[in-house]
Structure formats: structure tokens, C-alpha cells
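Pasting a structure here, questions to come.
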Amino acid sequence: MATSLQLCQRQLTMVIDFSASWCGPCKFMEPVLNAMAAKFTDVQFVKLDVDELPDVAQEFGVQGMPTFVLLKKGKEVDRVVGAQKNDLEKKIEKHRALVAAA
């Protein structure tokens, strides 16, 4: 079975959604992320609850929710803090375009 790091390294572009069940802005972003996942089928979206996985949140330096970390081949290339759906979508499109151009 592949580890999560191996999966991150294989996947070209991944968005990790650091959220919490009690976080109002996180709940607001949930349907937005579902729509983005349907739109950007070449991007993997992963949701992590900071209360269930505090070590992972700490490893990524997450201080507020929601935080969206964009990874390419396992390396962080960008992040969005807060319920900034337009900013998140622009950054996803930017990094997808860079993959297509490579």
C-alpha cells in the first residue's frame, strides 16, 4: 500500500484542504471544493481535519482554517488561507497551466 507521501509525489497537482468540523468558513467552502473537484478532474483534492491530524497540520505550518495547500509532485507550490474561492481557483488554474506547458 502506498503512503500518503508516495501518493503526493505521483500526483501532478494536489490541493490539501486543512479544515475543522467547527469551522464556519470551512463549511462554506465545502460545496465550492466539490465543484472544483468536478471541474478540475486532473487535480486531486484531499480534505484533512486539523483536529484529527494535528501533526500533519503542524508539519505544513497551518495556523488558520481553512488553509489550502497546493502541491506538485509532493512539494508545496502555493497556498490560500481563508475562504477565498476566487483566489484558490486562480491558483489551481495557474499551476494546471504550468503542468500543461511543461
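Glycine is no exception: its Cβ is also placed from the backbone N, Cα and C atoms.
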From the candidates Cys8, Cys23, select the one that TrEMBL records as forming a disulfide bond with Cys26.
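Going by TrEMBL, Cys26 is disulfide-bonded to Cys23.
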Would you say which of the recorded sites Gly24, Pro25 has the most Cβ atoms within 10 Å of its own Cβ?
Pro25
Whole-number Å only: compute the distance from the Cα of Gly24 (site 'Contributes to redox potential value') to the Cα of Asp17 (site 'Deprotonates C-terminal active site Cys').
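One finds 14 Å between the Cα atoms of these residues.
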Indicate whether Gly24 (site 'Contributes to redox potential value') is helix, strand or coil by DSSP.
helix
